[in-house]
């Protein structure tokens, strides 16, 4: 039996998708924890063999360029696909930056109205950005929005420079 989960077609929201992906159990009673993003499909199929880390034996397949499937209790690798290949962390660093901002806010180390001055280095960031200019000042509140909504590399770097 093959199942395919596509987050783009799930209109009931991220919580429903998360619940669907948290515990997928195959016929071998192997608990699978899986995660995906809006550009990947995660699929799996059940079968009676799971003796090695190949998709033919585990029934797990991923359209993602890299994947690893581990049995939760023993740590045994059941499936891997370019698991050791380095990939850029992308939005994980932006989520971490937001976490640090929210922690600083909760500890009252900063306020939403504090200003962030954009460094030359921050303004030179490529990729996803909001095109901040060197010397420009923005509030922490605005930087949060730039990071959360636009996934702005320049806003992340500008904030981190302002904390050093």
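Glycine too: its Cβ is placed from the backbone N, Cα and C atoms.
Quantities reported herein were computed from a predicted structural model and do not represent experimental measurements.
Within the listed segments 11-34, 35-58, TrEMBL records region 'Disordered' for the stretch 35-58. Cβ neighbours within 10 Å of residue 94 (active site, proton acceptor), excluding its own Cβ and spanning all shown chains: 20. For the domain 'Peptidase S11 D-alanyl-D-alanine carboxypeptidase A N-terminal' (61-160), the number of residues in each DSSP class (helix H, G, I; strand E, B; coil) is 39 helix, 17 strand, 44 coil.
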